[in-house]
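What follows is a set of notes on a single structure, which appears directly below.
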Amino acid sequence: MRVGVHSGELFAGVLGTAKLQYDVWGIDVLIANRLESTGTAGQIHVSERTLQMTDDKYKAYPGTEKARKDTFLQKCQIATFLIGVEETTKRDLSGHVSVNSGYFINDTIDKGLSLEEELKKMPLGPDGLKEFICKVFNFKNTGPTSSAASSEIGSFLLQFHDPRLDYNYIHQADYMLKYSVLLAWCCEMSLIYVQLMDSLHMNSISFSVVVILIFTSSALLIITWCKKICYWRYSSLSHTYSAVTYFLFKLADGIQHSLIQRIVIYVYFIVSYFCIIAIILNNCDEDEFQLLQIDSIVYKYDPDNKLCFSPWSLTCMVCLIIMMSIIFTRIPFGMKILVGFLETVSYLSIMIYQYEYVVHNSLTTNPYLISEYAHCLLIVITLCIIFFKERLIEFNNKINYKWRVELIKKQNDYRIAAQSITILLHNILPAHVVNVYLTSLAKHEFYYENYDMVAVMFASLKNFEMTLPNLRVLNEIISEFDQILYYYRDNYRVEKIKIVGSTYMAACGLDVHTELSIKNESDSHNSLIQEVQRARILQASYLKRNYSIIDEKEEVVFVLTTFALDLMRTLWVCNNDYKNIPIDRAVFNADMSIGISSGEVMAGVVGASQVQYDIWGHAANMASRMDSTGVAGKIQVTQNTAFILKKYGVECNYRGMTFVKGQGILPTYFVDIDSNFEFRYKQDSF
């Protein structure tokens, strides 16, 4: 293997719009190419500039005789040197041991650090136990998951720091609403039952309020449970629902998906609870109760406790209300905590300041604790227990929601990345190779194909200097060439293989599913349709006269030649456009030579990281030689390719015997093209 190395400036980028390929250009790139071509096998051919950058680490010898006689290297005043492969091999082997030993040391250090991190996580000693307890109650975030949650969620009200995330969370549909309504309805019925049992008499207003509360809460229960009940009843049967039932279904779905409606229902139940509490308190005459208590003490008899409410019953009812206010699902956590806190403060204020005598004369839970404190302690403990329980549930729900959002985002990112990879692969590999290559890549297999008949084309811009202004022009020309591929993507697929400098390489016949019959499709290229139809008419006439036996696979040669003709038309249009632009007149002054050959080739994917689809074989080599030995403005073909084109009626002019590198002197032909860039057909073919 010959190796050429040079250091300097270059331009790097991607040309065209199809089969994207990263490439470099510049004078120093051409110098490196010449160093490789004029080098010696088994030696590294470097320039003097590159050798100076190595700081005399390698032993160098004078360059080759071919390099000293190369006109381009002489023009650039490049002095060359050779470096033996044995010198670089020794240096690589000497550094190999240090790399392995360094890897072993680093691996040992990594294991030690991992063990140290695991020991830090264990709750050892008082400090570790304290951290463990704080971690359990989520007071202090020590693990990676807790740290991530702490950065996203507030400490007390558990709100997301991202307002959009918090908004989306609280506006989720509440599919557990029916169970919350059922629990709230049971709580309300229990409060009404206790109120009816403790009250000796009830006025008409209180009775009306109770009836209204029963009917409205029952209506909400029916609305939220109607769909579930119908599903239980008719899940295995075919049933047609009435318009009223459909209305209830729609109403229930609307409530489930609307935060405002859920809050209205939540507030309704809270208000209904305190309406019942207000009725109980309103039925109590505290003055009469005090007189009765004094008389019972003076005259020593048991008082009638039904003259006023039972303090402990009312306290238990408020505890139930606080619990129900906080555990109601899909209501903002801060709102529930605020409601529970206001309920606690309101009840304690009423009990201590308005009904102090009633509460004071009730039983206590401890002989050394007065009744007022016992009631307050029960209410506060209930609030704290429900708060911490609901906070834990809310924290888990928000963490799960955050993870779910991140999972969806990662899935979307993965889907977009997969689509991007597929698009990029379609811009690097032929369409029929992408799926097969991905499968072979997963199995670490080499992917290749063998084809009996493929047409290969090389098209090079002559007199084109690879400067920065010219690169912009070259990109526009290559992009125009790539647009032509759009018309050769269906029945006659022409694949762009690669771009080497200013040379455009393409092939036809690489798709194993190529259709060899033309179809009248609206999006087909008109010139392609006309040329192929005309060629098939000529083909039929040849068959009638037994001119020759035509292989259908050879049609790819005619298709690729038509594509080459389209490239020449496109370049002619670009020439005319750039002639009218004063700033680019001196920049663009190039013509194009095209070489085409056909035959058996092998195609495959080379590389592991930056993969590239390429073809190899005698046909590819001959197409390159036809281009390099060709003439600007002409399509040069081999003798076999010219014979195939003549079968389709295309006139090919004999050029003569041409020296071809690696093959010797061979007969070559020029495809006959008129001034309008049209094929000249045999006159006796019509």
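Cβ coordinates are placed from backbone N, Cα and C, and glycine is handled just like the others.
Across the domain 'Guanylate cyclase' (1-36), the DSSP tally of helix, strand and coil residues reads 10 helix, 11 strand, 15 coil. Marked as domain 'Guanylate cyclase' by TrEMBL: 1-36 (among others).
Look at TrEMBL and you will find 206-225 (among others) tagged as transmembrane segment.
Residues 177, 181, 184, 187-188, 191-192, 195, 198-199, 202, 206, 209-210, 213, 216-217, 220, 255, 309, 314, 317-318, 321, 324-325, 328, 331, 335, 339, 343, 347, 350, 355 of the same chain lie 6 or more positions beyond the ends of the transmembrane segment (263-281) yet place their CB under 8 Å from a CB of it. Annotated transmembrane segment per TrEMBL: 263-281 (among others), in sequence order.
If you look up TrEMBL, you'll see 309-328 (among others) marked as transmembrane segment.
With a threshold of 8 Å between CB atoms, the same-chain residues lying at least 6 positions outside the transmembrane segment (337-355) that come near it are 157, 270, 274, 277, 281, 284, 286, 311, 315, 318, 321-322, 325-326, 372, 375-376, 379-380, 383, 386-387. TrEMBL lists 337-355 (among others) with the feature transmembrane segment.
Outside the transmembrane segment (367-388) by six or more residues, the chain places 137, 311-312, 315, 318-319, 322-323, 326-327, 337, 340-341, 344, 347-348, 351-352, 356, 359-361 with a CB less than 8 A from a CB of the stretch. The transmembrane segment annotation in TrEMBL covers 367-388 (among others).
Summarising model confidence by region, the domain 'Guanylate cyclase' (455-627) averages a pLDDT of 77. What TrEMBL lists as domain 'Guanylate cyclase' is 455-627 (among others).
Cβ atoms under 8 Å from those of the domain 'Guanylate cyclase' (1-36) belong to residues 42-47, 49-50, 53, 67, 70, 72-73, 76, 78, 80, 424, 427-428, 466, 468, 471, 474-475, 478-479, 481-483, 485, 495-499, 501, 610, 612-613 of the same chain, restricted to positions at least 6 beyond its ends.
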